[in-house]
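*Asks:* Take a look at the following structure, please.
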Amino acid sequence: MSDSSDLSSKYVLQTVGFDARFPNTNQTRNCYQNYTDYFKCVAAKGEEFAPCKQFKKAYNSLCPNEWISKWDDQRESGAFASSLEP
């Protein structure tokens with residue numbers, strides 16, 4: 001029993017909050033926008049800025065892992081489709 005209580009104290013599951021920019025049920029655009037917003041925020045304010053962390057939580061929750069790894073590879077190679085400048 002103590003193992004399950006240790007795990008529950010480590011992990012907190014939360015649903016991404018409502019974003020008025022994306023009122024429809026299709027969240028693909030919301031996923032992509034949070035991904036780009038995170039990296040723009042980090043470029044402008046740094047990784048430790050708390051609002052930037054909210055964008056990261058949102059895209060990690062909304063986006064499939066394959067998309068995130070593909071976009072990360074594209075960013076590293078300079079082939080990402082959007083500008084990530086603030």
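Using the three backbone atoms N, Cα and C, a Cβ is placed for every residue, glycine included.
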*Asks:* Have a look at TrEMBL and say which candidate in C52, C63 forms the disulphide with C31.
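*Replies:* In TrEMBL, C31 forms its disulfide bond with C63.
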*Asks:* Counting across all protein chains present, how many other Cβ atoms fall within 10 Å of the Cβ of C63 (disulfide bond)?
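*Replies:* Taking every protein chain into account, the count is 20.
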